[in-house]
Amino acid sequence: AMDPLRIFIKFACLLGICFYSTEAQKSLWLTEIVDTFKSVPGTLFLGSNITNITSITPKCWSDFQFYLAVLNNSPTPIFTNQSVPREIIYMLDADAVPPAGITSGKGFWNGDYDLCMSLKVDNKVFNYTEYTEDGIPRRDVSLRANFKAQYYRVVIHALDGIGFIEGYQNFTITFGVCAPDSCSSSDVHTMLNDGERSFDVASVENPTSGRGFIKDDPGAIVALWIISIFVAIVLAATLIDMFYITLQRKRHKRDAELYKETTTKGAKVNHAYGDSNDKHGTQATRFTTENQINGSYYTQKGDDDRKEHSVINGADNGSLKIVTSDALKDDAATNGLSNGSLKIATADVPNHKPKPYSPGVGIQIILAFSVYSNLPQLMSVDAPKGSYRQSIFTENYNFWLLPVYQGQYNNRALTNSQLAVDSFFVLSGFLGAVSFLKTLDRQGGKLRLKQMGLYFFHRFWRLTPVYMIVLMFFATLFKYTGDGPLWPVRQDQIEGCRMHWWTNLLYINNLYLPGPLCLGYTWYLANDMQFYIVAPVFLFALFKKPVVGYILTGLTFLGSIIAISVLHFQGNADYVQYYIKPYTRIGPYIIGIWLGYFIWRTKGKIKMKWWMQAIGWIFAIGFIHAAIYGNFRPLGTPFEGVPAAFYIMFKRHIFGLAVAWICLACITGYGGVVNKLMSWRVWIPLSKLTYTGYLIHPMVMYYYHYNRRQLQYMRIFPEMVFLFCAILCATIAASILVTLTFEIPVLHLEKIMFPQNKKNK
């Protein structure tokens, strides 16, 4: 029996009303899909009316008949009858069913992936009696089957040609089917698409088909070996550091402190008790008062009073405390000496001042991999001298959002989150400019071949090793980390990394795209490296002839705006031709170069009156708001014409200008509370993790979202806020491990390969 809504919709269509109502057509089509699901016990029953079975694998068809026989001929009650293979009932239960809320866009019906994949019909026998149409027993049938259950993901065209949700012209439904593993994807496609009751099937996918096993994947095995070798080196270096190198450093430090104590003003040391066999020098005995007001005292060899001394409290760290028996009898029973009492300390005093601790190359290499030494450096909240402590933290959190979601004003900060990338371009241009101009100034305005070689090598070495490790992991091991109904069958980015990893190594993966993108988000690194390579041309011109430098950078800045506008007017403003190209993204980098040049010329010392500061902050806040919310319009309202053209051409550049003002204000002392927040020392350890966090955080998100068993409805609060915090914490934890294992060691190796003298430091 049909419910009143279905009756009303069908009756309205008979009267012709539905031809004028798109909503009625949508509802009618969805009604037919829901009715089809409800008309059969399980999804596979749609294939029970297929007469031409030649296209189906024989084993699949045999197992399928066992499946149908159990469901059609099982005695009731089915769950309590011991003669019924319960695995078939569980397979039916694992199938997807239409949920509530289809009209709100719920087009992914997962079913129960884990239940399906856990089932196995292990050589089960099912006996039943076959009856005629008149109910007369015809024969007894005995069927035997042996198969595992396999989950399949089926995509059907639900609404073809009419937008079910505003902005979507084709609405598809994806649902899970639990079938025998003897059935291939094409078998399931045939059963669902070619029966009397069928769907318009777009595709059938086995989420586990492309996963395989690590033992059968040479690339994954090599990657495991490489990672294991790194981990083993780190563990060995950490143990050597803890139990050998650290003890050596402490002994050297103790000798230096002892030498300093014995050579301070007022200290006198008698070397008469020297031991010629002592490798550290002579044996010295010294008297000190506990409060050390009058400096250090000493004893002369042959003092008669030494006979009356008694030892109290034994030796402590190489020193020997003694008190006179007559004067300090009351102290003899105590574990310490009161202020003013005498103390004799004996220790090995070096004959000469110890040299500063300087480990050899071998020890330096071990220390480069030691977590014991690197972790305190990583967690330190002290910034290097002369560094800029302004920090901008963003999470590259990308969603495929429905137009309905995009049309909400309070969601524009998320839908325009890609502007965060431009803040990094500004900062990169600024820091690169300041560093290069300082070096050029020290060299008297001359470019030296060695210095330029180190300039490029340092950048490559800084970014590439950990980048390639992460790429290797993604290309070989990542696909083995998860499974589920959402896990991708065709992981195009993984295939892109396997085939075209060298484009990432050369940092040209934004210019040359021979196939699927590899770690698509790393287009930023390619752009940043390309900007870094051409930056010396601009900076050298600014240093030598500022006018020429401003002309070159100005033309480049203007050219970027023109390129953006031309691509949009030509209709080529897509991801590949527009979003990732250097000529459309260099504008904010040029702004960073201008800021760096200004800070270098003024030494960061400028004076601004209150009204100048006010204007700067008003424009900065206004630019940020315009860039984020400038393209907002109510749902269904077109965004075109002159306003759209201006927004497209200038949104990244005005956002970059706002970021530059924030940096300028904070560096020159006009940042106020903003500077206090962004210069907070707590950010310093996190800032050391930002590069590895950038590289791995998309994998953290991929892992979480693709491993889900059900989709999640996303609201800013609480879902997005809580999920953001969870992924951020997971990213930080993973970044610490990657940084300590790969990034910090290779950076230390560079310092060993190219040691700096004191002048260069």
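Keep in mind that glycine also has a Cβ here, set from the backbone N, Cα and C atoms.
Annotated domain 'Nose resistant-to-fluoxetine protein N-terminal' per TrEMBL: 57-208, in sequence order.
The annotation signal peptide is assigned in TrEMBL to 1-24.
Sequence annotations record features per position, and here TrEMBL assigns transmembrane segment to 222-244 (among others). Sequence-remote contacts of a segment are chain residues at least 6 beyond its ends whose Cβ falls under 8 Å from one of its Cβ atoms, and for the transmembrane segment (222-244) they are 214, 366-373, 469, 472-473, 475-477, 740-742, 745.
Annotation comment: TrEMBL describes 419-440 (among others) as transmembrane segment.
What TrEMBL records for 460-478 (among others) is transmembrane segment.
According to TrEMBL, the feature transmembrane segment maps to 550-570 (among others). Remote same-chain partners of the transmembrane segment (550-570), defined as residues 6 or more beyond its termini with a Cβ less than 8 Å from a stretch Cβ, comprise 537-538, 541-542, 577-578, 581, 583-587, 590-591, 593-594, 645, 648-650, 653.
Feature annotation from TrEMBL assigns transmembrane segment to 582-600 (among others).
Distant neighbours of the transmembrane segment (612-632): 409, 412-413, 416, 419, 639, 644, 647, 651-652, 654-655, 657-658, 661-662, 664-665, 670; these residues of the same chain sit at least 6 beyond its ends, with a Cβ under 8 Å from one of its Cβ atoms. Among the features that TrEMBL reports, transmembrane segment is placed at 612-632 (among others).
The transmembrane segment annotation in TrEMBL covers 652-674 (among others).
Under the heading transmembrane segment, TrEMBL lists 686-704 (among others).
According to TrEMBL, the feature transmembrane segment maps to 716-742 (among others).
Mean pLDDT, taken over the domain 'Nose resistant-to-fluoxetine protein N-terminal' (57-208), works out to 85 on the 0 to 100 scale.
Counting Cβ pairs closer than 8 Å to the transmembrane segment (419-440), the top stretch among 582-600, 652-674, 686-704, 716-742 is 582-600.
Taking Cβ pairs closer than 8 Å, the transmembrane segment (686-704) reaches residues 378, 391, 393, 395-397, 463, 466-467, 470, 474, 478, 481-482, 519, 521-522, 723, 727, 730-732, 734-736, 738-739, 742-743 in its own chain, all 6 or more past its ends. Same-chain residues lying 6+ beyond the ends of the transmembrane segment (460-478) with a Cβ under 8 Å from its Cβ atoms: 214, 217, 219-220, 222-224, 226-227, 230, 493-494, 497-498, 501, 504-505, 518-519, 522, 525, 529, 691-692, 695-696, 699, 702-703, 738-739, 742-743, 746-747, 750. Here the transmembrane segment (652-674) has Cβ contacts under 8 Å with residues 388, 390, 392, 419, 422-423, 425-427, 430, 557, 560-561, 585, 587-588, 591-592, 594-595, 598-599, 604-606, 608, 613, 616-617, 619-621, 623-624, 626-628 of the same chain, all six or more residues outside its ends.
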